[in-house]
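Report on one structure; see the data block that follows.
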Amino acid sequence: MVPAALLVVSIPLVGALLAYLLRRWQGIEIGVAALACAGVIALLAQPPDSKIMLPGALVGIELSAPFEVLGRVLRVRATERVSILLLFICAAALFVMSWRALQGRLFVPIGLIVLAAASLALMIRPFVYAALAFEGAAALAALMIQAERGGERSTLGALRYLSATTLALPMFLFAGWAIDRAGVVNLNDATALAAAYGPATVLLIGGFGLMIGAMPLYTWVHPVARDASPLVTAFIVAVVAGALSFLWLDFWQAYPWLRVGGQAADALAVGGIVLLIFGGALAWAQNAFARVLACAILVEIGCALLVLSRGSQLAVEALAFATLTRALSLGVFGLGIWRLRALRSSDAFADVRGARDLWAALALGVGGLSLAGFPGTPGFVSRWSAARAYGVADVEGLALLLAASASVGVGVVRGLIAVFNAPCVEVIAEGPADAQSGSPSAARVLAIGSLGAVVRAAADASPVSDDPLLLEGETLIEGEVLRDVQQPIFMSRDSFIARLMIGLGVAALIILAIWPGIIAPLAKAAAAQYTFYP
């Protein structure tokens, strides 16, 4: 029997190779990625202990069979089956959205490899080796982040993300060493528990916080949102951060001392509150859609940390539901940012003023308001589930979550107002002398000639500079011209397929808002596999 774990990793890798070879034909490339994701989704949709016999073949597929690599065991367990399935659904949706909205020539191939690495991280045992898989995923994701940028100063987002993941790697490895060294401790003895597992708890929390972007506050989220293509940012947050959230659920399941001690839950709650304060305080005042996106991501991560801190069945359901709604909301909002960048080469409010692009406004409005948890959107259902999981008795925490979400909504609305505002045009009124003159054109010619004479005289009087002439987007630093500009390689923003993807994404969000029960069975199935609930 072929272990399903081998197929979960190998199918995306084979799809990545084919997508790379066929990257010149984008439609075929997207089709290959969608088929690879669909194959894994169909495999994981089978019952946990099922054995699938292939027609016309002597071998079959066993879903829960172990697969050993270098002494480490990979297995599709019941607890990870639905989690990995959700990640593949999110990735497939983002791949399809990128059709005719190219996010870099390597988005699809590297995205499939990152997806395989995230699945590997959830299946491998011991858990600490999951950090190695996330490190490999971060190294490849840095190429996706860098794909759209050019220039010497354009690598900040990729370097920040890679550095944060690299710093988290030794913390996970030392945590594994501390866990093995602690031995067996009575869970009812709080003093002995803190002495034995306190270092491991601190290391796990620190590594998890660095990887997910919770600590320090201003690490990779804002630079990645600014530098990367918008759907690349959505992919990293939906797939990689989603896999990290499910990995922490595996920590809850495997380590009873982590739950009993209470230190980890308190740290997650404090981190979530700090992120809500930070993201909510900044979101309303941002001057670019990418910055609003970054603040919305911080609020989403903060909300996820609050939910994880509860460790209840309702919390797992809320986390699974939010994984899908977050991916769709980020994807639709990212399509709006892509369209504005294709139109104006920027997503800053000042640069897109007066653009009046209805398709961009539709994507930004629906996706952004869903990220803000606005009523009538799937984001509102996700926020409501998170509020129930966190506890309605904590009025301060719920008020903070509401205020942070409202701040994101204000930032989105400010940007939409700028899109539909008329551009600023300076009007110079004629003076009374021009009005009385019989030949206003001659007066203007004389004025321009006089101004030119003054400029030439000033140029002759000033010393000659050896500095080169600078174009827009260039900066002179120590005699060297540096250029840091967006270099989009997008296809035409007015293609029918691009508009179709925006329409389908918006329609999917509306359908989920009307009928959230589509996702509810998956969320309940994910929660039913865990047994760590109090």
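Note: Cβ is positioned from N, Cα and C throughout, glycine not excepted.
Source: prediction; values computed, not measured.
Taken from TrEMBL, the feature domain 'NADH:quinone oxidoreductase/Mrp antiporter transmembrane' covers 132-386.
Sequence-distant neighbours of the transmembrane segment (28-45) (same chain, 6+ residues past either end, Cβ-Cβ under 8 Å): 4, 7-8, 11-12, 14-15, 18-19, 22, 52, 61, 63, 76, 81-82, 84-85, 88-89, 91-92, 95-96, 98-99, 108, 111-112, 115. The transmembrane segment annotation in TrEMBL covers 28-45 (among others).
Only residues 6 or more beyond the boundaries of the transmembrane segment (52-70), in the same chain, are considered here, and those with a CB under 8 A from a CB of the stretch are 1-7, 43-44, 46, 76-78, 81. The transmembrane segment feature in TrEMBL is assigned to 52-70 (among others).
Taken from TrEMBL, the feature transmembrane segment applies to 82-99 (among others). With a cut-off of 8 Å between Cβ atoms, the residues of this chain six or more beyond the transmembrane segment (82-99) that come close are 8, 26-27, 30, 33-34, 37-38, 40-41, 44-45, 76, 107-108, 111-112, 115, 118-119, 122-123, 231, 234-235, 238-239, 242-243, 246, 249, 320, 323-324, 327-328, 331-332, 334-335, 497-498, 501, 505, 508, 522, 525-526, 529.
Counting same-chain residues at least six beyond the ends of the transmembrane segment (130-147), those with a Cβ under 8 angstroms from any Cβ of the stretch are 103-107, 110-111, 113-114, 117-118, 120-122, 124, 154-155, 157-159, 161-162, 165-166, 168-169, 172-173, 207, 211, 224, 227-229, 232, 235-236, 240, 243-244, 247. Look at TrEMBL and you will find 130-147 (among others) tagged as transmembrane segment.
Sequence-distant contacts of the transmembrane segment (159-179) (same chain, at least 6 residues past either end, Cβ-Cβ under 8 Å): 126-132, 134-135, 138-139, 141-142, 145, 197, 199-200, 203-204, 206-208, 210-211, 213, 219-220, 223-224, 236, 255. For 159-179 (among others), the entry in TrEMBL reads transmembrane segment.
What TrEMBL records for 199-219 (among others) is transmembrane segment.
Annotation source TrEMBL lists transmembrane segment at 231-255 (among others).
Within its own chain, the transmembrane segment (267-285) is flanked in space by residues 205, 209, 214-215, 217, 291-292, 295-299, 301-306, 308-309, 397, 400-401, 403-408, 410-411, 414, which lie at least six positions past its ends and keep a Cβ under 8 Å from the stretch. The transmembrane segment annotation in TrEMBL covers 267-285 (among others).
Residues annotated as transmembrane segment in TrEMBL: 318-338 (among others). Within the same chain, residues 82-83, 86-87, 89-90, 93-94, 97, 101, 103, 229-231, 233-234, 237-239, 242, 245-246, 249, 289-290, 293, 296-297, 300, 303-304, 307-308, 347, 359-368, 370-371, 377-379, 381-382, 385-386, 388-389, 490, 493, 498, 501-502, 505-506, 508-509, 512, 516, 519-520, 522-523, 526-527 sit at least 6 positions outside the transmembrane segment (318-338) and bring their C-beta atoms closer than 8 Å to a C-beta of that stretch.
Taken from TrEMBL, the feature transmembrane segment covers 358-377 (among others). Distant neighbours of the transmembrane segment (358-377): 289, 292-293, 296, 299-300, 325-326, 328-337, 339-340, 343, 383, 405-406, 408-409, 411-412, 415-416, 419-420, 498-499, 502, 505-506, 509-510, 513; these residues of the same chain sit at least 6 beyond its ends, with a Cβ under 8 Å from one of its Cβ atoms.
Annotation comment: TrEMBL describes 397-417 (among others) as transmembrane segment.
Residues annotated as transmembrane segment in TrEMBL: 496-515 (among others). Within the chain carrying the transmembrane segment (496-515), a Cβ under 8 angstroms from the stretch's Cβ atoms is held by residues 93, 96-101, 324-325, 328-329, 331-332, 335-336, 339, 359, 362-363, 366-367, 370, 376-378, 380-381, all 6 or more beyond its ends.
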Report summary line: The answer for the transmembrane segment (199-219), taking Cβ pairs under 8 Å and residues 6+ beyond its ends, is 131, 134, 160, 164-165, 167-169, 171-172, 174-175, 178-179, 182, 241, 244-245, 247-248, 251, 258, 261, 263-264, 267-268, 271, 274-275, 278, 297-298, 301-302, 304-305
